[in-house]
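Here's the structure, in structure tokens; my notes come after.
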Amino acid sequence: MSTLAPLRLLREPWNASEANQSNATVGAGGGWCQGLDIPNELFLALGLVSLVENLLVVAAILKNRNLHSPTYYFICCLAVSDMLVSISNLAEMLFMLLLEHGVLVVRPSVVRHMDNVIDVLICSSVVSSLSFLGVIAVDRYITIFYALRYHSIMTLQRAVVTMASVWLASTVASTVLITYYRSNTILLCLIGFFLFMLVLMLVLYIHMFALARHHLHSISSQQKPPSTHRGGSLKGAVTLTILLGVFFICWGPFFFHLILIVTCPTNPFCTCFFSYFNLFLILIICNSVIDPLIYAFRSQELRRTLREVVMCSW
């Protein structure tokens with residue numbers, strides 16, 4: 001049984017046709033198509049670590065008034081999105097253990113309902129994580145290119161509206177996705193959204209780094225010390241670029257999986273790729289584990305507040 005309530009749209013393409021999977025094993029390389037047998041304990045451990053880390057990030061942002069700004073509110077929402085993955089993982093693991101040991105006896109309809117709820121949580125995490133990474137990139141872009149007008153452009157009211165819109169859109173989109181999970185059109189929309197956000201963030205970061213490079217070149221030619229604002233902006237751009245890279249590495253196989261489901265669901269090589277689905281799930285959880293570490297080590301203010309939170313100095 002797969003772990004992390006792995007969206008039926010990912011689970012069924014190869015389970016629906018055991019003959020195709022068998023042909024993939026024989027015709028596409030033998031042993032390497034057997035997939036990976038990842039213990040449930042690893043999923044559980046990573047889920048717990050991710051949950052604790054992201055809770056600390058949220059607590060630190062709520063505790064420190066210096067972090068009560070649109071940028072950190074967006075980061076807080078991203079941490080909540082990562083927590084959804086952990087909560088979904090832990091909820092399913094607990095539900096499975098209770099069922100397997102006979103502690104919990106429920107009707108099949110209830111099991112299907114629980115599966116739907118967990119799937120919606122995971123889909124919401126995917127869509128909201130992508131959305132908030134894009135929002136954070138736009139926020140950083142405004143900080144760099146419209147520094148003097150930033151507080152009039154990104155007001156607290158607009159930030160709240162943005163966050164509420166993202167959560168509402170994520171919930172609606174995930175519900176539609178689970179309801180019509182057999183439709184290739186729905187999968188194409190999800191893939192298109194992923195590619196759109198990647199292109200948007202890449203364009204913004206390339207523009208930011210082009211400006212930073214030009215600024216550093218001007219400094220070196222004039223032999224002037226770098227300004228604190230530009231240095232901080234460049235550091236922020238580097239941080240968000242790392243986040244983008246980590247997200248792409250961790251979620252890339254997941255979306256490539258979706259592409260193969262649409263383009264070649266019965267091809268032996270594609271079904272061979274499907275057999276590594278548990279590895280893709282591990283990468284997804286690793287993304288939610290790595291993100292808080294990046295926040296903590298690259299933001300001095302957040303790092304200091306995290307230390308206070310851990311020491312319980314409220």
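Cβ coordinates come from backbone N, Cα and C, glycine included.
Annotated features in TrEMBL:
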type     : residues : note
DOMAIN   : 53-295   : domain 'G-protein coupled receptors family 1 profile'
TRANSMEM : 42-62    : transmembrane segment
TRANSMEM : 74-97    : transmembrane segment
TRANSMEM : 117-138  : transmembrane segment
TRANSMEM : 159-179  : transmembrane segment
TRANSMEM : 185-212  : transmembrane segment
TRANSMEM : 233-261  : transmembrane segment
TRANSMEM : 273-297  : transmembrane segment
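Contact between the transmembrane segment (42-62) and the transmembrane segment (117-138) does not hold: fewer than three of their C-beta pairs are under 8 Å, each pair 6 or more apart in sequence. Panel annotation: around the transmembrane segment (74-97), residues 1, 3-5, 40, 43-44, 46-48, 50-51, 54-55, 57-58, 61-62, 103-104, 114, 118, 121-122, 124-125, 128-129, 132-133, 135-136, 139, 159, 162-163, 166-167, 284-285, 287-288, 291-292, 295 of the same chain, lying at least six beyond its termini, place a Cβ under 8 Å from a Cβ of the stretch.
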